[in-house]
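Here's what TrEMBL has on this protein:
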DOMAIN    84-191  domain 'PET'
REGION    125-157  region 'Disordered'
COMPBIAS  147-157  compositional bias 'Basic and acidic residues'
REGION    193-218  region 'Disordered'
DOMAIN    226-289  domain 'LIM zinc-binding'
DOMAIN    291-351  domain 'LIM zinc-binding'
């Protein structure tokens, strides 16, 4: 059984490399494309059906079951995304044409005016309008912030039974303690004095009842008295705010300020994790709890792992980024934050010496000037005219040539 779904998304285009990538092909344990080495989230891989299954699974066994529907045939929980279709009549020259805008996700509120206001308060390029860059942004953030391999052991690579058990406990714990979905409301409607105990542990399965109990009958406080928990600026009267039940209803955010404290990206579909007074996206909440392997991008549930170059790695995943050979005890060179073994470095990344035209070994001294390189030896770094050794001497560079004097330069250039 192919646990990582290698057929999934096969051939999907890369949104970053465009035509340079022949199409997505999943590496056998890294979450990247074998063709262009970009991440899975850079490719147009997941269908919205698969995304809805992933988020549905996330909300299973939580108080957010109102956001999921079980499919009759296989009982798999599916995310019931609130898709919003707005129809605006546009007066054209002769007749009135209808302009329809579809939002691939909108806040699940009864009041459509509120949902529409919420959307307009997001940066234009992040509004998930079907077919726009905002829809692509949402798709990418769904993949990045809520990786399936952070919640589903079957999406991980070769976990031991003990690691599976630890992961299941970890997921259960964060569903109980940290996971939440933002609520869009007008600040005047929310009774901030609602006692905290009441709203977090009211044992109610739905969120609406918990919020309903806190509606203020007399919204007498002016919006200017409400300030955003992130930017500290006041709310404008009549503008919707986002509330996070786990944070308590005394805190509120501007729609564009409801972001992860680590990556500052908008929390995709308002799905947040609350910890120590901070909002996190799923990925960065998990990173704050567990080490993550820089090789396979999965959380590490084993006691044995290695730390190198400021990152964590499963022992078997500290490998050359180019050929996948294991690097334990081997010489390696970091290229764009990825370890590469010495043979691959010399073959694929090493600088070429302008003198002898061979690759420069990563461990030997070199002279570098304006993207040109030389071995720092008497044989290679010498005057292009009279072959005098220039190590430790003043030199005059011209393109890929170096000269010991104006005379030599003139001789050669004429």
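The backbone N, Cα and C atoms fix where each Cβ goes, glycine too.
Where the annotation comes from TrEMBL, it is an automatic prediction and has not been curated.
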### DSSP helix/strand/coil residue counts for the region 'Disordered' (125-157)
21 helix, 1 strand, 11 coil
### Message
For the region 'Disordered' (125-157), give me same-chain residues lying six or more residues beyond its boundaries with a C-beta closer than 8 angstroms to one of its C-beta atoms, as numbers and ranges.
### Response
3-5, 15, 29, 31, 40-42, 44-46, 51, 54-55, 57-58, 101-105, 119, 163-164, 167-168, 171, 260, 263, 265-269, 271, 281-284, 286, 296-299
### Message
Please count the residues of the domain 'LIM zinc-binding' (226-289) that DSSP assigns to helix (H, G, I), strand (E, B) and coil.
### Response
17 helix, 16 strand, 31 coil
